[in-house]
Structures are given as C-alpha cells and as structure tokens.
Amino acid sequence: MIDKRKNDHIYLASAPESQVGDSWLEDVVLIHKALPELDLEEVDTKADFLGRRISMPFIIGAMTGGTELAEKINTRLAKAAEEVGVPMYVGSQRIGILKPEARRSFEVVKQYAPSVPKIANLGAPQIARLPEGEILRWAEEAVAMIDAAALAVHLNPAQEVFQPEGEPYFKGVLDKLKFIKSALKVPLVVKEVGNGISREVAQALDGVADIIDVAGLGGTSFVAIEGLRAKPEAPQLYEVSEDFRTWGIPTAAAICEVRSAFKGPIIASGGIRSGLDGARALSLGADFFSASQPLLKAAMEDRVVEALRKIHMGLRTAMFLTGSANVEELKRAPKVLSPRLEGWLRQRGIIC
Ligand SMILES: Cc1cc2nc3c(=O)[nH]c(=O)nc-3n(C[C@H](O)[C@H](O)[C@H](O)COP(=O)(O)O)c2cc1C
C-alpha cells in the first residue's frame, strides 16, 4: 500500500496537473546594474551549509525512497549532488524504518553522495502519535540510514486531509519537535510540503527548529496530487480538494513571513524553477533555495547534472547582473516588489 503511494506520488508529481498556483517570485524585480564592475568569472556562488562548503546555496528537495523506482531516482540524484557539490534531502523514511527491505533505496544516498550534507526526513503526523523513546529511535535510525547532517520533519496538514489513507494528527506536534531538538545530536529542519509557513508558525518554531524550509505555494501541490489519487474511490474528497487547490502562502510571501520572526537559516522552496527564482528568494531574506519537481523530472530522464548546472548558471547570471560578487552581496541587492506582494506585506505588518 505504502509502496504504491510512493510510486503514485512520483508519477503524479511529474505530470503538469501537480503544479498549482503561483510562487509570487516574479513579484520580486532585481534591479539591473549596467555597471557591475565585475567579470562574470569572478562571481563566487559558494556557500556554507551544515559546516560544509557547497558550490551554490541550493539543496535538492525532499522527495522519495522506499520502492525500486525511488531507489533509481535517489541514486541519480545522489550521484549528481556529489558531482556538482550540493546537499540533498531524501523523502520520508518511515517506510525504511518499518520495512528493512526498503532501506536500500535510502542508503544509496550515502553510498553515492558521501561528501555532501544529507538531510533525513520524517513526517509530523507519524511522530505525533509515537512515545518519546520511539521518536528518538526513529530519528536516530533515519539519520544513520543516510549518514545525515540534519533531520527534517515535514508539516503537511493539507496533504493529510486529502490523502485517502491520510493521518491528520497534529495535536502535540510542537512538543514532539521540542523533544527532538533536545534529544537529537544533529540540527532540526522543519519544513512544509508546498502550502507555506507563516510568521505565527515561524514564531512558534523559533528556538525549536535550527532551520526552516518555507515550502510555499506555487509549485508541486499535494492537495492536487492527493485529490487526484482520491478521485476514483472517494469523489467527494477530490471535489473538496479542488476548492483548496490554491490554498497556502505563496513562496515569496512565506519567505518574508518567516524572516520576520525567525533568526536561523531559511531555505526557500515551492515553485522555484530557475537560478533566477533562487536569486529572488535570497534577496527576500532566504539563505538557501531548493527545488523538488524539476529534479524529479530530470532524474527520470537521467539528466540531473545538466539541470543543476542550468540552475547554477541562472544564479551566477543574476549575481553578475546585480553586481553581486558573492551570495552575501546578492542578499542585499536592490529590488522592487510588485503591488500584490507589497500589499500582502503591508497588511501583515512585515518589512521585507
Ligand atoms: C514526488 C515527491 C514526493 C515528495 N515527498 C516528500 C516527503 O516524503 N517529505 C517531504 O518533506 N517533502 C516531500 N515532498 C515535497 C517537496 O519536498 C517540496 O516541499 C514540494 O515538492 C514543493 O517543491 P517544488 O515545487 O519544487 O516541487 C515531495 C515532493 C515530490 C515532488
């Protein structure tokens, strides 16, 4: 059952129907600098992530594991991550903890990407119902499985509502996250899966999460994916999911929401489709950016290195054209926000 779900997610996420809404990143216009006073080759895109130097502030998003197809995808993603020098997440590891035969589909990541930081992954609804001793065992096992430098816990309440076999159990999650933070030796990343994190949630996570990944609206939608999965057996679930297709906080707004309340590093994700989108996200206050669906598609076609190089080139070009010699300068590059994004921030009392 869980194996089928993993493969359904891969196939449905690769289809255009899974891509919903707008990230609002085009509402951020970086100001062109006709006098960059730099040579393109001087632009330094490197960054530090979890104690290691990486080639650009980009992370391959959390996707999969648990099936033969997932193992093939994780192998291709890991080989490319190692070659290009970027970190990577894996998908939820519950299946690897409960089914020893599924472990290999995650372990390939430490085999093929030994030197880049890797991020383990568990879901909030699962940890909500486990006693603390079990949570620690799961967390330690997930980290060991891929030799991870951090553990991510994903918050996905909208997905759980529309998933036919969903587990919308979110009571007590914050306390469980606090427990993980106090007991686990590696840093804790808290992420959404495409509906975004607000200022209020970021406030609650301040001092609990070491890193927040905003995973906003505007790219892959698990409301859409689960709705489509539900359609044949539970048409009502599908119909209600249609009303919630664009539910969530657009990524550009989510970055500003989180930055206004959270002091730690922020990963921007959700509909980031180019190095230029990444540059816009960094100018809003993110420290890193991440994409999932485009790399899933690239992995299916065995061209992940090419996809990563394209993102790198886009980022480097945006840095050159704003006269930013390094990532810190890009974060301070002048920009103009569209009235739509400006209005959101004004109503929310956020300066971005
Ligand atoms: C096939 C697929 C499976 C995913 N599974 C997980 C998961 O297990 N855990 C998780 O934290 N996020 C998962 N995600 C969500 C992504 O990490 C990301 O938040 C979301 O796809 C938005 O990014 P995107 O628009 O670049 O795809 C998955 C995404 C895809 C495409």
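Glycine too: its Cβ is placed from the backbone N, Cα and C atoms.
TrEMBL entries are annotated by machine, without manual review.
TrEMBL lists Ala62, Met63, Thr64, Ser92, Asn121, Lys191, Gly271, Ile272, Arg273, Ser292, Gln293 as binding FMN, and of Thr220, Thr322 the one it places in that same site is Thr220. Among the listed binding-site residues, namely Ala62, Ile272, the Cβ with the most fellow Cβ atoms inside 10 Å is that of Ile272.
Taking a Cβ cut-off of under 6 Å from any atom of ligand 1, the binding-site residues Ser92, Asn121, Gln159 reduce to Ser92, Asn121. Residue density at Ser292 (FMN binding site): 25 other Cβ atoms are found within 10 A of its Cβ, drawing on all protein chains shown. Looking only at the binding-site residues Ala62, Thr64, Thr220, Ile272, Ser292, the one with its C-alpha closest to Gln93 (substrate binding site) is Thr64. Per Cα geometry, Ser92 is the residue among the binding-site residues Arg5, Ser92, Arg94, Glu160 nearest to Asn121 (FMN binding site).
Each of the binding-site residues Thr64, Gln93, Gln159, Thr220 was scored by how many other Cβ atoms lie within 10 Å of its Cβ, and the smallest score goes to Gln159.
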